[in-house]
Amino acid sequence: MDRQKEFVLRTLEERDIRFVRLWFTDVLGFLKSVAIAPAELEGAFEEGIGFDGSSIEGFARVSESDTVAHPDPSTFQVLPWATSSGHHHSARMFCDITMPDGSPSWADPRHVLRRQLTKAGELGFSCYVHPEIEFFLLKPGPEDGSVPVPVDNAGYFDQAVHDSALNFRRHAIDALEFMGISVEFSHHEGAPGQQEIDLRFADALSMADNVMTFRYVIKEVALEEGARASFMPKPFGQHPGSAMHTHMSLFEGDVNAFHSADDPLQLSEVGKSFIAGILEHACEISAVTNQWVNSYKRLVQGGEAPTAASWGAANRSALVRVPMYTPHKTSSRRVEVRSPDSACNPYLTFAVLLAAGLRGVEKGYVLGPQAEDNVWDLTPEERRAMGYRELPSSLDSALRAMEASELVAEALGEHVFDFFLRNKRTEWANYRSHVTPYELRTYLSL
């Protein structure tokens with residue numbers, strides 16, 4: 001048995017852990033969990049835990065549903081919730097999903113991302129990610145479709161006396177850091193009740209695990225604080241939606257492959273081609289980075305979110321931004337993709353972003369001129385004249401672009417690609433047939 005497994009088993013005994021929660025994610029990004037007793041973990045390390053894959057969104061047909069979860073000891077963390085006596089009785093690990101013969105499950109989002117990271121490794125790169133995760137903190141209420149109520153009326157960077165959101169963020173960060181998830185900073189975002197917590201850079205697979213843990217922790221802490229948290233992309237029509245701005249960089253060993261001291265923006269040819277790849281394939285990957293009907297209520301003109309495939313230095317109206325906070329710091333040269341929302345599947349999102357960027361690097365895509373103006377203020381004609389393609393404005397148009405994409409099919413694999421399209425086509429059809437309160441208010445008098 002390797003040292004990581006021995007460490008986990010020893011920690012369970014020393015800290016008297018009573019429950020080990022084995023986590024994995026379905027294709028749509030929902031967290032799944034099975035709890036086992038510590039005495040069963042050594043066997044789980046050796047043989048895995050069998051489950052019905054046909055009961056998990058996108059995993060398997062009922063006729064071939066035997067699936068196995070293998071805990072990854074490198075992801076072991078004690079959960080931060082304690083009993084009244086202060087005893088932390090539960091821990092968690094993420095799992096890799098396989099078929100009974102030991103082959104990887106093509107439906108496992110971790111496997112989808114790992115395949116892209118392997119491809120990056122074959123090109124000599126490792127990928128690091130730093131997300132800015134936004135969400136809403138709401139007052140308790142029924143989940144019956146009624147209008148939610150934010151916990152406050154604060155705005156961007158606001159500091160209030162007896163600020164419930166401030167207390168919430170402090171408790172959430174304590175819980176995250178207890179689990180070894182480093183937080184860079186946190187603050188109130190622009191809309192009432194809207195929060196942002198930024199996680200410190202990590203390798204892409206660890207970060208996807210961290211994002212899933214983050215969403216779980218945030219919801220748990222919100223309940224403890226007498227509130228509820230929502231990662232819905234756009235719960236309020238009159239306010240900005242919740243993004244997951246995704247900062248990415250490629251490293252060759254310890255060297256940032258995106259940095260060049262000779263460039264005015266300190267951006268290397270690798271970095272430029274990576275951005276060009278994101279822009280070229282932006283429409284194709286939108287259904288993954290923004291997977292819900294509601295996602296496209298956020299990606300609208302004036303909504304503080306990108307609507308065209310453009311890039312710029314320090315330009316927050318562009319799809320891809322090159323942050324310029326520390327222009328001469330080699331390790332910090334990165335690109336920020338501003339379209340993903342915080343309700344995406346982080347494994348699939350990082351996979352398609354990496355696939356698009358690597359395609360640009362492999363094929364030597366040439367990056368066009370940067371956007372120096374506010375892209376939101378440009379007319380459609382001006383955008384076309386500048387070569388900025390419009391991003392999909394609905395889930396339907398995003399699915400059409402994805403369906404024709406060889407890149408996304410290759411990045412996700414045939415199984416996930418086909419399931420995702422079928423599932424999202426059903427979601428769109430259900431939405432189209434639904435009569436909304438807006439329609440009743442507007443058209444009932446006809």
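Placed from the backbone N, Cα and C atoms, the Cβ positions cover glycine too.
The record from Swiss-Prot ties R298, E304, R316, R338 to L-glutamate, and of the options G226, G237, G241, G387 it ties G241 to that site too. Of the residues E122, E134, E252, Swiss-Prot puts just one in the Mg(2+) 2 site with E189, E196: E134. Site annotation (Swiss-Prot): Mg(2+) 1 is bound by H245, E336, and the candidate from E47, E57, E132 recorded at this site is E132. Taking only the Cα positions, the spacing between H245 (Mg(2+) 1 binding site) and R316 (ATP binding site) is 10 angstrom. Comparing C-alpha positions, E132 (Mg(2+) 1 binding site) sits nearest to E196 among the binding-site residues E189, E196, R298, E304. For the domain 'GS beta-grasp' (15-102), the predicted model reports an average pLDDT of 87. Within 10 Å of M248 (ATP binding site), as judged by C-alpha distances, the binding-site residues found are E336; the full candidate list was E134, E196, E336. A separation of roughly 5 Å, to the nearest angstrom, links the Cα atoms of R321 (ATP binding site) and E336 (Mg(2+) 1 binding site). Using a 10 Å Cα-Cα cut-off around E134 (Mg(2+) 2 binding site), the binding-site residues E184, G241, S249 reduce to G241.
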